[in-house]
Amino acid sequence: MYLPDKFGRLNIVRFASVISIVGAGMQTGARSLGVLLAGRAIGGIACGIIVALCPLYASEISPPHVRGRVGGLYNININVSYSLTEWMGLGFSYIKSGQLKWRIFVGLQLVCAAIMLAGSIWMPESPRWLVMQGHHEEALTVLEKLHGSHLPLASDDDVPFFRREFNQIEAQIKLEQQTRQLGIVAILKRPSYRRRLFIITFFFAFQQLTAIIPLQNYQVILYQSLGISGKLPLVLVGVWGTLGVIFSCGGAFFFDRLGRRKSFFISMSGVLVGSIMLVAFWARYEHSNNTNKTLGSLALWSMFTYLVGYAWILNSFGYAYTPEILPMEIRATGVAVGFATLNAIIIMLVQVTPIAIDAISWRYFLIFVFTDLIFVIVFYFQFPETANIPLEEVAALFGDKVAVTLSEAIKLEETGQEVHVEDVTPQKIARLGTDRRSDTTFE
């Protein structure tokens, strides 16, 4: 929560990469269980920092019209990693040496961490963090390099996009600093911040309660329960990962074009249909004393129907949406709280799922059908549309003040230390976002 705001986004990414290298090295060379577990713990800390911080950084360097695609690209990279490890699991199952098998597997973490550490040297710092620290000229230079090729906004004068963006960022951060609130307790005192934290924690909790962890992490158990044996369950795990990559690519392309809300409901339709089909066919398969192979195959296809829905948007939604709805002063804190919630639910599900499947079989997944319905209802009433809206303007959707809209950020207007605040309503911001989705200026 504290470190990214104090030391910068990139410095903490580099720090976490070094921690990851240390943890992976300990795991790879471990000669005792204690060293292995310590390496796993250290690697987990690094992973937690990187997974939470990278989407935050990505949102802060992205122009509004591609921010969803960037979040989707982040998710694609994660899915590619999942897919590779799943196919590697199949390949490594043929290696006879137990020691060599797992040491190579965990040692590959060293390569990824080293690439991230080296790549971060050429990456620019977040321009929003630079403005918050008072490094205005450096922030302007970064924005020009990243967004300088974009044309001016349609029907506006010749003020470049990156200059308007800088003016807006500078004005909004100055406005937020006039009423700055730090720490969880201080944040909870402000209604608009409480709503944001509720949305974030609710989303990450119920995203996991769609049954993704039981279906993904315990696929082999589920396949075996449906009568599939031998190496085929491991092959299906690899197919699952590959399809996740394919469908997440499609979702990333449409995320900005369709908007966040429409994309979510399309994605959840697949999740709900797949979940209901799985429960129905699995129950019938079990009722046939596990002998009806047709029902077993239909239950299997239900799992992949679920995957199409989940991978299309839902898996990438949190990476894009969470940083979008948070103001600069609490963005790192809010994202950290969200991913802490996600991991807490994952830990619970990992512990409960094998016991529940053994005890109540398909009935366990009825719970997730009900949580899916709750997810859809709450989302409909509580989650505003943020697609194509600059980060600084999202504040208006939650009733907070916006210093200046992007289209009017020609220059900063100040009176003493007070920033001029426009009369910006949630309706106006939502309308601007819709107009930008239909505008091809930046395509």
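Every residue gets a Cβ built from N, Cα and C, even glycine.
What you see is a predicted model, and the numbers here were worked out from it, not measured in a lab.
Taken from TrEMBL as is:
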type	residues	note
DOMAIN	1-387	domain 'Major facilitator superfamily (MFS) profile'
TRANSMEM	12-30	transmembrane segment
TRANSMEM	36-58	transmembrane segment
TRANSMEM	70-90	transmembrane segment
TRANSMEM	102-123	transmembrane segment
TRANSMEM	197-215	transmembrane segment
TRANSMEM	235-255	transmembrane segment
TRANSMEM	264-283	transmembrane segment
TRANSMEM	303-322	transmembrane segment
TRANSMEM	334-356	transmembrane segment
TRANSMEM	362-381	transmembrane segment
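Between the transmembrane segment (264-283) and the transmembrane segment (70-90), fewer than three CB pairs separated by 6 or more residues in sequence fall under 8 Å, so the two stretches do not touch.
Under 8 Å from some Cβ of the transmembrane segment (102-123) lie the Cβ atoms of residues 10, 13-14, 17-18, 20-21, 23-25, 27-29, 43, 46, 50, 81, 88, 92, all in the same chain and six or more residues away from its ends. Segment contact holds for the transmembrane segment (334-356) and the transmembrane segment (36-58), given three or more CB pairs below 8 angstroms at sequence separation of 6 or more. Same-chain residues lying 6+ beyond the ends of the transmembrane segment (70-90) with a Cβ under 8 Å from its Cβ atoms: 54-55, 58-59, 62, 105, 112, 231, 234-235, 237-238, 240-242, 244-245, 248-249, 251-253, 255, 311, 315-317, 319-321. For the transmembrane segment (197-215), the most Cβ-contacting stretch among 36-58, 235-255, 362-381 is 362-381 (pairs under 8 Å). The predicted model assigns the domain 'Major facilitator superfamily (MFS) profile' (1-387) a mean pLDDT of 91.
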